[in-house]
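These features come from TrEMBL:
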type	residues	note
DOMAIN	1-100	domain 'Alpha-2 macroglobulin MG2'
DOMAIN	102-194	domain 'Alpha-2-macroglobulin MG3'
DOMAIN	201-290	domain 'Macroglobulin'
DOMAIN	298-423	domain 'Bacterial Alpha-2-macroglobulin MG5'
DOMAIN	450-555	domain 'Bacterial Alpha-2-macroglobulin MG6'
Amino acid sequence: MALNVDNVDVNFFRVKADALPAFLANWEYRNALSSWESEELLKMADLVYSGRFDLNPQRNTRERLLLPLNGIEALQQPGVYLAVMQQAGHYGYTNPATLFTLSDIGVSLHSYHDRLDIFTQGLEGGAALSAVELRLLDEKGQTLAQGTTDKQGHAQLAKNSKARLLLATQQGQTSMIDLSTPALDLAEFDIAGPEGYSKQFFAFGPRDLYRPGETLIVNALLRDADGKPLPAQPVKVDIVKPDDQVARSFVWQPQDGLYQYQYQIPEGGPTGNWSLRFNLGDNQPRLYGFKVEDFLPERMALDITAQKTPLHPDAQLVFDVTGRYLYGAPASGNRLQGQVFLRPQREAVSSLPGYEFGSVTEESLSRNMDEFDQALDSAGKAQVAVDSSWAEVKSPLKAILQASLLESGGRPVTRRAEQAIWPADALPGIRPLFNKQQIYDYRSDSYQAQPVVDENTQAGFDIVYANAAGEKLAASGLKARLVRERRDYYWQWSEGEGWQSLYDKKDLPLAEQTLDIAANGSAKVSFPVEWGAYRIEVVDPQSNLITSLRFWAGYSWQDNTNGSGAVRPDQVKLKLDKPAYKPGEKVKLHIEAPAAGQGVFAGGIQRWPAVVAGAGGAGRRCRCRGAD
């Protein structure tokens, strides 16, 4: 990192192999070297190269720069190096310094509660490295444990709480792992689920919503990190009120491995979020939450009426509202508050289930209108009218009115009503002749139900021409075409945002057919498909309106890229053949790396030999084991 520094002088020292543990113990994660520290530290290293490097950054701009070291012969020998930098022409008491290694030994370490599993691979080719000497060092550089990797590049060492550094050496090459720093940085991985503990306490109950005065019922199971039963132990429990005050504390004892408890919620107890706080003796609290709410009967009725037939997109949207008290009097003068929402209506005809209408490529169909606040008249009536700002839409919509009628004290009675909006009297409808599955949608960054057909087969569809009442009408000259949705993903890295997945979008028309549909009938159409994402479109030549449907051809694996298929340059893509497994079932895993090469796959405490991934990836099978 440089700011307004044009040139730097750098001295490179190679740490002596026999003095390496002592040097590392004295270095202690420094990022600078002072004059008095250098007197002792540099006795354990040899000066191998000194040079001046031109930086020339932009003025008044902090820049991260790389020094060109590849062409320096003195720095090609494997080893541990210390680089000490100073601004050219300046001499300071303390100078920036850094420690780095030149080695082909790649090391990964898996830490468990009683041992360390260590794997070594060649960085150049990815092959497992055998006969690599491993040493665990404490803060003074003393050896706590040592071992040698086997033919698969694996070794196991006893875990020691005093260990601060792992050294891996072979034929003059050295790699190291600082055990005092955080392990794998998972900040950029989407990790969900509860936090893991060596003791897992699974609390559950019949419901999580109660009234004041009702009885809370809660049960719990104690398991280890792998889901296996643990010996029974007492658990300290605090019942915490919404104001974080403890309502009751007790020690929970199990019966036959099951923890059971009932608590009478006070009649006048506060409403809100309550919780049970568990302490299993490790001072790591676990929480089980539940709500306490009052359920008061409604005292008013709210009726919202919409037009029974669909509106044209350019027509004004009108809802009739009537409010009254349940004892009969109109809710005259009461406040009516709410909002109108527009949403696409894909299955727009309830009497034709499975048929979808409208274009899936049309954007900005979901809109939220401005909120309203008005008073009912003396008869308890009002109209909610919204002028059309969606006259240009080409797909069916539903306008949703969500309104709340307020009592004098402010308690609301909330109701919803919907109004259909159609761009034409009749539209083509498409129904796939195959089932839906959960597929990742990159547009919404979520999993959605989407039709999936086998690859290298015929994808069949049923086509109708219908109105909003569900009447199947005659149509001629409908155009049905198949479009391949191609997404070419690539990665882009920037200093401010890191790695970003981007793509180039291409729609490739593949085939087209002309359809004629008789009254009260439908037409079938099919297209040959390979693996990938597709879209079928049916065009009405009279109105030029399009109904389209997205579908997927081929099996879609459960993967760790949110289904986008994109593999980060610094990550490996893993795909499972199922979203869930039963104990004893075989798990099929597909491994895809950004580049062909060798790697090691470790699942939990089980490890497989080296994985060779080519252009199409690699596969592994294992058996799913369940807890007894």
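Going from the start of the chain as shown, residues are counted 1 onward.
Note that Cβ sites are derived from N, Cα and C of the backbone, with glycine treated the same way.
Bear in mind that TrEMBL entries carry predicted annotations, made automatically and left uncurated.
In this model, the domain 'Bacterial Alpha-2-macroglobulin MG6' (450-555) carries an average pLDDT of 91. As a summary of secondary structure, the domain 'Alpha-2 macroglobulin MG2' (1-100) carries 24 helix, 40 strand, 36 coil according to DSSP. Helix first, then strand, then coil: DSSP counts for the domain 'Macroglobulin' (201-290) stand at 0 helix, 51 strand, 39 coil. Residues in the domain 'Alpha-2-macroglobulin MG3' (102-194) partition by DSSP class (helix H, G, I; strand E, B; coil) as 0 helix, 45 strand, 48 coil. The DSSP breakdown of the domain 'Bacterial Alpha-2-macroglobulin MG5' (298-423), given as helix, strand and coil counts, is 0 helix, 60 strand, 66 coil. In terms of DSSP helix, strand and coil, the domain 'Bacterial Alpha-2-macroglobulin MG6' (450-555) has 0 helix, 79 strand, 27 coil.
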